[in-house]
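Below are the structure tokens for one structure; questions will follow.
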């Protein structure tokens, strides 16, 4: 029998409101609409399905303040994470948002109506208090950054009525709602279920850990990975789900089940662990594995952890009776080569030989095509990871050349394209500054804002091509540090980026300017010309600095090729 939902009743709004769906759908077309962001969609999906029970909507001010300050909703029920719908003053004015009003919540992807919210209140949160009490206040914490840089200034609280489920087109058969998963447990005759939360690929150690946890409690295993929003830089959920599917047959027959959780993680450490436990209880689990530094975002720029290693376990353990789900502490597993088995580190006899591979080492082995031993991960899992993360020799990259007009960027770019074509194995795309201006950014001028937009567009195109395995050579002036930084971040989300500063002196660029652009700018005929009436900000983090006034193009191209070769882009 599945565990009792948090609060005693599963708030499955989809089932509750199905009888009046037609009326709600008709009404939704007459109401002002709030277009939900990706994170808000994740939250709404779990409100609608009952994953966030006992919530029936986004938190009003009383519930929000109770959760932030005391880990409790206004009625006293435990809840550790604020679930809020943020809006701007512009939204309030444009949509005429007010208490008592009804508004349609729509999916930003296809504008489909998902629900109607009846507003309880609109309030301005104290973000400093939320940042401090919920996420401990470190400005580098990703949730704190989100609060200050992305979340809007007001929150809207109110109960929701369901119209439609969110549309998903991937792994549909694995996307159980809490009610569906509870029904599945009933079909299988499962009474005790150990839920395992993960946002990473699983290897042999994870399999051994979960099997031990289940056997010691005579229970079954729910592998319940997050496929909503996780930590930037995490392996994409498509790859991870293929990994979990490959791993599943390695469990004893009938022991494990895979289900996907559309959660937007906050990386909130101890509070997030309690939240995860509540969610798994709503999905019917009786036990929940809480790991070391559970849902922590890692380290800040000073090398300090945001949370203590066992803070999460301590908080969930403290409230375990009220939560109504048993905590299973995550045991760090290690491999014993002499006996070919995994064992919890704290149980290994002194002097016994052990082997481990860190996450950093695994990424290195994937990046350079190095062997990954079978004692660490199953061959079928490694195969999936290698397909999604090919070695450097098969990865795409972007060479981003920046410098003054007439610095030699275009000549270097054209010569580099020929040299890379000679290497074979990749398509090569050239994005010259003037070509991009005429084909992609014809309507843009040369203001700081328009220059930034131009670089953003180049970065977007480069990122897509790089992700697909191409070599991209971009050669804009890109005079501003912020634009170049954003370009690097955009491309590096799916590939490799190298910034080459073509540091040819401004005087040389002007003296050899056969088209007379510098002279025209000085006469005032061209506005916003870099080096005349717009400053060029020297890159602080270039991967290579060259000077076309002192070095031949052939030599510069060779330097770039050597840089790529040193990073493994042309094989062993």
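Cβ atoms are placed via backbone N, Cα and C, with glycine included.
What you are looking at is a predicted structure, and each value in this text was computed from that prediction instead of being measured.
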Which of these, 448, 451, 467, does Swiss-Prot list as part of the 3'-phosphoadenylyl sulfate site with 434, 435, 436, 437, 477, 478, 515?
451
Quick one: which of 115, 128, 295 does Swiss-Prot put in the sulfate site with 197, 199?
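According to Swiss-Prot, the candidate sharing the sulfate site with 197, 199 is 295.
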Average the per-residue pLDDT over the region 'N-terminal' (1-169) and send me the rounded value.
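Mean pLDDT, the region 'N-terminal' (1-169): 97.
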Among the binding-site residues 295, 333, 436, 477, 478, which residue has the largest number of other Cβ atoms within 10 Å of its own Cβ?
478
Going by C-alpha distance, which of the recorded positions 293, 295, 330, 435, 451 is nearest to residue 198 (active site)?
295
